[in-house]
Ligand SMILES: Nc1ncnc2c1ncn2[C@@H]1O[C@H](COP(=O)(O)OP(=O)(O)O)[C@@H](O)[C@H]1O
Ligand SMILES: CC(=O)N[C@@H](CCC(=O)OP(=O)(O)O)C(=O)O
């Protein structure tokens with residue numbers, strides 16, 4: 001039987017709230033199985049860009065990343081947020097080690113090509129972009145890798161890559177060796193039938209149901225790339241994929257499955 005591995009993704013809302021982040025990292029530290037943390041931080045990058053007067057534009061959940069914006073996101077994701085999370089995890093006796101995709105060539109990306117839109121320094125990744133051997137070795141050493149949303153092309157360029165995609169692709173790559181459970185932790189109870197009603201959690205979503213919800217206009221903004229990445233994971237042999245509320249991590253792990261499960 002394959003060994004269990006949790007791959008857990010957190011985003012901007014949580015990272016911006018110190019008390020909530022602390023509570024989350026406490027719950028994360030208590031997980032006894034092997035684990036990896038992936039973080040975004042889009043909200044903080046936008047705040048800093050606004051302060052610096054660098055206009056930001058998102059298309060299909062992806063940030064148009066010109067050179068100035070790349071400098072900002074590299075500082076914010078691979079620097080400020082990644083190192084802060086690692087320090088907080090060390091405080092909680094979790095042997096965290098923080099990475100960008102450039103470190104030890106862990107995640108190699110290709111510049112996003114699009115016929116009409118120039119996304120700038122945005123990197124696309126796939127299963128084979130991930131250095132799964134080295135990640136497995138780190139995990140074996142009982143280290144807990146913490147990934148930021150920065151990748152590279154091995155030609156000296158850094159790229160900005162959606163953190164939901166990084167979590168999905170790492171999960172896909174490691175599923176050959178581990179029984180991976182991928183958890184997208186965010187600020188809602190799960191995928192909601194009515195985004196204003198926290199009680200309207202949809203328990204299971206397949207590709208077909210995703211299309212129906214999308215057509216019905218029930219999914220907006222960040223939830224779309226999150227669900228696309230979650231579906232990409234189940235289609236590529238990731239054992240379990242859930243979207244859960246950040247504060248429900250411990251509860252979920254203790255077998256009280258929370259939120260929305262993504263199914264084939
Ligand atoms: N049907 C829906 N169910 C849940 N969230 C939704 C839905 N439609 C839109 N959303 C929005 O998607 C957001 C999550 O995406 P995002 O903000 O990108 O998260 P993160 O930064 O954690 O990756 C929620 O906060 C919510 O506002
Ligand atoms: C290319 C691209 O869009 N990258 C994302 C990476 C950060 C991210 O994904 O942050 P959240 O998980 O907090 O949304 C961005 O710059 O917003």
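Any Cβ shown, glycine's included, is placed from N, Cα and C.
Here is what TrEMBL records for this protein:
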| type | residues | note |
| --- | --- | --- |
| BINDING | 41, 42, 63, 160 | substrate binding site |
| DOMAIN | 4-244 | domain 'Aspartate/glutamate/uridylate kinase' |
| SITE | 9 | site 'Transition state stabilizer' |
| SITE | 226 | site 'Transition state stabilizer' |
>> How many Å separate the two farthest-apart Cα atoms among the substrate-binding residues 41, 42, 63, 160?
In response: 12
> Which recorded positions, if any, among 9, 41, 63, 160 have a Cβ under 6 Å from ligand 1, given in order along the chain?
Replying inline: none
> Can you check what DSSP calls residue 160 (substrate binding site), collapsed to helix, strand or coil?
Replying inline: strand
>> What does the structure give for the C-alpha distance between residue 160 (substrate binding site) and residue 226 (site 'Transition state stabilizer')? Integer Å is fine.
In response: 16
> Of all the binding-site residues here, 41, 42, which one's CB has the most other CB atoms within 10 A?
Replying inline: 41
> Rounded to a whole number, how many Å is the Cα of residue 9 (site 'Transition state stabilizer') away from the Cα of residue 41 (substrate binding site)?
Replying inline: 11
>> So, three-state DSSP: helix, strand or coil for residue 42 (substrate binding site)?
In response: helix
> Given residue 42 (substrate binding site) and residue 226 (site 'Transition state stabilizer'), what distance in Å do their CA atoms have, once rounded to a whole number?
Replying inline: 14
>> Using a Cβ cut-off under 8 Å and a sequence separation of 6 or more, which residues in the same chain sit near residue 226 (site 'Transition state stabilizer')?
In response: 164, 184, 186, 243
> Which number gives the other C-beta atoms within 10 angstroms of the C-beta of residue 160 (substrate binding site), all protein chains shown included?
Replying inline: 27
> Any idea what the model's mean pLDDT is for the domain 'Aspartate/glutamate/uridylate kinase' (4-244)?
Replying inline: 97
> Fewest neighbouring Cβ atoms within 10 Å: which of the recorded positions 9, 63?
Replying inline: 63
